[in-house]
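Student: Got a structure for you, written out below as structure tokens; questions coming shortly.
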Amino acid sequence: MSFIKNLPNRLTISRIIMIFIFVVFANISADKINFINIPGEVSDTCHMIAFIIAILAGLTDFLDGKIARKYKCESDFGRLMDPVADKIFIAAVFVMLADYRIIPAWIVVVVLSREFLVTSLRLIAISDGVVISADKSGKFKTAFQMFTLLIGGAGWVRLFGFDIFNPTLWKLWYGLLLAVTIFTIYSGVSYFVKNYKLIQNKF
């Protein structure tokens with residue numbers, strides 16, 4: 001039972017570890033490492049491995065929450081670190097896709113600004129002994145972002161010949177990015193509205 005009780009936290013920690021492994025494989029490319037001659041096949045394989053790792057990391061986010069709720073083993077550590085792990089994961093993938101010109105830089109700035117602001121709000125709450133867990137809009141936002149990143153990742157590795165730079169697909173992709181950006185902003189604003197009194201007490 002103790003194993004099940006601690007499993008959600010272990011999955012959260014494993015997600016953070018996988019993020020760093022993802023970053024390593026995502027950056028193995030002839031364009032990134034100029035002093036080593038990296039064959040295109042090796043680069044493509046490494047990018048596919050990075051894509052698979054990203055999917056696994058996303059699955060751990062789904063599993064840790066489901067296990068915690070099913071076995072009633074939610075903890076303050078999980079309430080705090082699960083959203084933090086999500087933010088690190090999302091930031092890493094957004095930045096990587098922006099580096100490969102798949103996501104416009106301004107969208108990455110908006111999304112990451114929201115994540116840092118909400119994290120700052122959580123830190124303020126902790127100083128008052130309050131743990132702000134993810135609400136419904138935050139959970140949907142994370143799921144929406146991960147779905148968007150999955151599509152972007154599939155275009156990055158050209159899964160099944162999927163070419164995200166095709167003019168028609170690019171317009172659809174850009175529309176999806178705008179939608180996830182708007183909802184990300186909405187979700188961030190909702191956190192501050194719900195915790196307005198907490199912020200007000202600091203000024």
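Note that Cβ sites are derived from N, Cα and C of the backbone, with glycine treated the same way.
So TrEMBL says this about it:
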- 12-28: transmembrane segment (TRANSMEM)
- 48-67: transmembrane segment (TRANSMEM)
- 88-110: transmembrane segment (TRANSMEM)
- 146-166: transmembrane segment (TRANSMEM)
- 172-193: transmembrane segment (TRANSMEM)
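Please situate the listed features within the shown structure.
Tutor: Remote same-chain residues near the transmembrane segment (172-193) are listed as 103-104, 107, 110-111, 114, 117-118, 121, 132, 135, 137-138, 140-141, 144-145, 148, 151-152, 155, 164, 199 (criterion: CB distance under 8 Å, separation of at least six residues from the stretch ends).
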Student: Six or more residues beyond either end and a Cβ under 8 Å away: which residues meet both conditions relative to the transmembrane segment (88-110)?
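Tutor: Same-chain contacts beyond the flanks: 15-16, 19, 22-23, 26-27, 50, 54, 57-58, 61, 142, 145-146, 149, 152-153, 155-156, 164, 177, 181, 184-185.
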